Amino acid sequence: NVRFDLSSATSSSYKTFIKNLREALPKDGKVYDIPVLLSTVMDSRRFILIDLVNYDGQSITAAIDVLNVYIVAYSTGTVSYFFQQVPAQAPKLLFKGTQQRTLPYTGNYENLQTAAKKLRENIELGLPALDSAITTLFHYNAEAAASALLVLIQTTSEAARFRYIELQIANNVGTKFKPSQTIISLENNWSALSKQIQIAKNKNGQFETPVILIDPQGNRVQITNVTSNVVTQNIQLLLNIGAT
C-alpha cells in the first residue's frame, strides 16, 4: 500500500507520497514522455490501496482504480464505503471482512457537490483540510462526507494527474486554500487532455480539438498542441483512450 502520514507531513513527504502513488499505477508506455494508464487489466491488479493517517493517528484506506485513478471506496478497518456505480468487481475484491456499505452518490464531481451543497471552489484544500476529511470519513458523518471525499479525491487522484495541483497542495502544508479556477479547469479536462495528447501522436503534435483551460491570471487559454506547458510540465498521467 502507498502510505501518507499527516502527523509527520512536510511538503517533501507529500510530494514523495504523490510520486509513489503515480509509480504504483501500471502503465502502457508513454506518449510525449507522459505515462499512459492501462486500458484493461486483470481483476487482481485492478485496484491499489492508499493508507492515509490523520494528525491523531486515525487511518483510512482508499481504493483507487488503476485504469483512471478514480477512488472507488474507502475503509475504516471495520466498515467500508463504496460509491454508487463502481466497477462490478470492486465489492468482491476490496475490503473483504468489513461491513460494506454503499454511499448515497457516485464519485463524480457533480453528484458530490450536490450532496455537499457546495461547489469545489468553496471547499478548502491543503493538508489541514485533508486531516479534517480523514477524521470525517473515519467517523463517517453522512452530512460532511461528500465534502470530505471532494478533499480526498483532489489531494490524491488529481494531484497524481497534475503536477500543478500537487504543488499547490505541497505549498499548503500548514494552511488551507480554496482551489482556483485553474485547478478546477485542469480537473474538468483531464480526460479531454489525455485524449488530445494521444491523438496528437499521429497529427504532428497538433490537437484535433482544442482544450480550454483557465490560466492562473484567470484568462481562458486554448491548448492546441503538445508544446503547451500543460503537456510538457504539468500533466503526469494520461487516461488511455482505449479504456471504456
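Note that Cβ sites are derived from N, Cα and C of the backbone, with glycine treated the same way.
Features reported for this protein in Swiss-Prot:
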ACT_SITE  Tyr70  active site
ACT_SITE  Tyr109  active site
ACT_SITE  Glu158  active site
ACT_SITE  Arg161  active site
CARBOHYD  Asn189  N-linked glycosylation site
CARBOHYD  Asn225  N-linked glycosylation site
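Projection of Swiss-Prot feature records onto the structure.
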residue : record                      : Cβ contacts under 8 Å, 6 or more apart
Tyr70   : active site                 : Ile64, Gly107, Ser157
Tyr109  : active site                 : Arg120, Leu150, Glu187, Asn188
Glu158  : active site                 : Ile165, Ile183, Leu186, Glu187, Trp190
Arg161  : active site                 : Val69, Leu186, Trp190, Ile235, Gln236, Leu237
Asn189  : N-linked glycosylation site : Val211, Ile212, Leu213
Asn225  : N-linked glycosylation site : Ala200, Gly205, Gln206, Phe207, Val231
Structural state of Glu158 (active site), classified by DSSP into three states:
helix
Three-state secondary structure of Asn225 (N-linked glycosylation site) from DSSP?
strand
